[in-house]
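Asks: From Swiss-Prot, for reference:
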DOMAIN    5-65  domain 'v-SNARE coiled-coil homology'
TRANSMEM  73-93  transmembrane segment
TOPO_DOM  94-116  topological domain 'Vesicular'
REGION    97-116  region 'Disordered'
């Protein structure tokens, strides 16, 4: 009876030992996976930081390009308006000055002298 009881306790101890070894192996495997996940998360963090810097740099570059384009367009419109103003002044100013500077002769009808 004591031998059977001892055998049963030994089997239970062996089962518990086997379960503990399996659990220990699973913990080691899980630890390896966690380390890999941590490494991947660090890589993703680095990549997101680089992406953020690149995005900010690109946005700033595009803003400057857009501002430069607006400045060039404003200058082009300003120059076009200036040229149009000069052309209009050249066309209309000499005609109005010729008409006002030349003596105007008014026709008073048939010439009547003092003796008539």
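Just so you know, glycine gets a Cβ as well, placed from its N, Cα and C.
Bear in mind that the values here come from a model prediction, so they are computed numbers and not experimental data.
Help me picture these features in the structure, burial and contacts included.
Replies: A mean pLDDT of 95 is what the model gives for the domain 'v-SNARE coiled-coil homology' (5-65).
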Asks: Helix, strand, coil: count each for the residues of the domain 'v-SNARE coiled-coil homology' (5-65), based on DSSP.
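Replies: Going through the domain 'v-SNARE coiled-coil homology' (5-65) residue by residue, I get 61 helix, 0 strand, 0 coil.
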